[in-house]
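Taken verbatim from Swiss-Prot:
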ACT_SITE  D51  active site, nucleophile
BINDING   Y109  substrate binding site
Amino acid sequence: MRILVKISYQGSNFLGFQIQQHGRTVQQQFEKILKRMHKRHVRIHPSSRTDRGVHAIEQYFHFDTELNIAPDKWQYAMNSALPDDIYVNEVSIVDDDFHCRYDCVGKRYRYKVYQGKHRDVFMSGLKTFYADSLDLEKMNEAAQQFIGTHDFTGFCSQKTEVESKERTLYQSEIIKTENGFDYIVTGSGFLYNMVRVLVAFLIEVGKGKRQPEEVPILLEAKDRKQVPFTAPAEGLYLEKIYLAPQELINDFGPDIKIHRKKSLEND
């Protein structure tokens, strides 16, 4: 039986989602619980492998089990054993051929920035602080130019190891907030550090150091050295996982390009 689990977590005190040889991870927390229940190792398969310090409002994973436990009982058992910075929102039974990575057709991230004269210690780990004044209109103009299907070689970590660095973005926009801004980006998938590199570039645009007109040129150049900065992990939230094409169509219309996963991605 295949079980699908929908979770949220505050990522400040995790080394990321994926299991690490030394250190606290989200995967480690769940596999420890499942091992105790099954008396053997049970591997979980996530929709996304978030990095150290990255939060998740909506994240999924699946696992296989022979235990005859109702979904609500799974939820109760896990939440009873989990630390305060992880929560199971929902558990369901899915078809045996369902896969959290391969059936994921899209993801939405939100990057939160607050501004002001002074850093707020109570925002530490939850939002990124920038004291500089930023031109949000120009930032949004630049952000819009990332929408569509592009090769994002110049906007990801040089450690990215995938055959194709082409991704489709359905949404890329700057939203003004009460004390700063959010960057919201929805796409077919994301390369390693891609969202954080996009944010760092947009902030450079906001400072007047780069121009929106440079986006097509930089995409064509495919040279990370021309976009050298990466925004901090704090402030980055995995906000939504799209597990069905219809969900994407509902949000972005019937004419969008939908990608089916054939191999594992960096995120």
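Including glycine, each Cβ sits where the backbone N, Cα and C put it.
Separating the Cα atoms of D51 (active site, nucleophile) and the residue listed as 'substrate binding site' is a whole-number distance of 13 Å. The Cβ neighbour count for D51 (active site, nucleophile), using a 10 Å radius over every protein chain in view, is 20. Non-local neighbourhood of Y109 (substrate binding site): I184, V185, T186, F190, V195, L236, Y237, L238, E239, each in the same chain, at least six residues away, with C-beta under 8 Å from its C-beta.
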